[in-house]
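Undergrad: Quick one: the structure is below, questions incoming.
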Amino acid sequence: MSYKLTYFPIRGLAEPIRLLLVDQGIKFTDEHIPKDDFVSIKSQFQFGQLPCFYDGDQQIVQSGAILRHLARKFNLNGENNAETSYVDMFYEGIRDLHSKYTRMIYEAYETQKDPFIKNILPQELAKLEKLLATRDNGKNFILGDKISFADYVLFEELDVQQILDPHCLEKFPLLKAFHQRLGDKPKIKEYCAKRNASKMPVNGNGKQ
């Protein structure tokens, strides 16, 4: 089976997918399409959107749908309905933070960056810290001893927020340790080192 991930040459919505594939040892083609070139091929994609993941001949768009597809396929979605729902809930909580971050980045960076760092970011991180603590006291993965697709989403979110504010995790020891723990996984560590050396932008407008 061949896999391909198509996205812009940024981290954006595709980065948790890349991290999952890399850490799980799943070989894939990482196709980067310059934004200016996307206009002419936009109609090729469902909803006219990227990222797009190809599982053989199947085309899947919407980052959450891609992540859940991979989670079902590679057992990264919990062992039962209760665990699957818990992972989904955690994922949606991370997305709440990311939606607020994205709105600030693309719509009001100059005026809202400082209020976001001071008010919104710590409030959202506190929610995630509290939820992380409910399994194994937050000392392992979101589900406890089993990694899930949401762990890769959380890792990337924490990584991005530390670019915005390097001190944002100081009051959240469980999240800080989680980020360090996943970042030390050999395949993730190697991938992130290469990515950071290439200076791949986080967002499409260059702001981060």
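A Cβ is built for glycine as well, from the same backbone N, Cα and C atoms used for every other residue.
From Swiss-Prot, here are the annotated features:
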- Y7, K42, Q49, L50, Q62, S63: glutathione binding site (BINDING)
- 1-78: domain 'GST N-terminal' (DOMAIN)
- 80-200: domain 'GST C-terminal' (DOMAIN)
Undergrad: Please name the residue among the binding-site residues Q49, Q62, S63 whose C-beta has the most neighbouring C-beta atoms within 10 angstroms.
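TA: When each Cβ's neighbours within 10 Å are tallied, S63 leads.
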Undergrad: Within the domain 'GST N-terminal' (1-78), what mean pLDDT does the predicted structure show?
TA: 95
Undergrad: Quick one: of Y7, K42, which of the binding-site residues has the smallest count of other CB atoms within 10 A?
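TA: The binding-site residues Y7, K42 were compared, and K42 has the fewest Cβ atoms within 10 Å.
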Undergrad: Relative to the Cβ position of L50 (glutathione binding site), how many further Cβ atoms are located within 10 Å?
TA: 22
Undergrad: Once the DSSP letters are reduced so that anything not helix or strand counts as coil, what is Q49 (glutathione binding site)?
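TA: Reduced to three states, the DSSP call for Q49 (glutathione binding site) is coil.
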Undergrad: Per DSSP, how many helix, strand and coil residues does the domain 'GST N-terminal' (1-78) have?
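TA: Counting residues by DSSP class gives 36 helix, 17 strand, 25 coil.
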Undergrad: When you look at Y7, K42, Q49, L50, Q62, S63, which the record names as binding glutathione, what is the longest CA to CA distance in angstrom?
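TA: Across Y7, K42, Q49, L50, Q62, S63, the two farthest Cα atoms sit 16 Å apart.
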Undergrad: Using DSSP, tally how many residues of the domain 'GST C-terminal' (80-200) sit in helix, strand and coil.
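TA: Helix/strand/coil tally for the domain 'GST C-terminal' (80-200): 94 helix, 2 strand, 25 coil.
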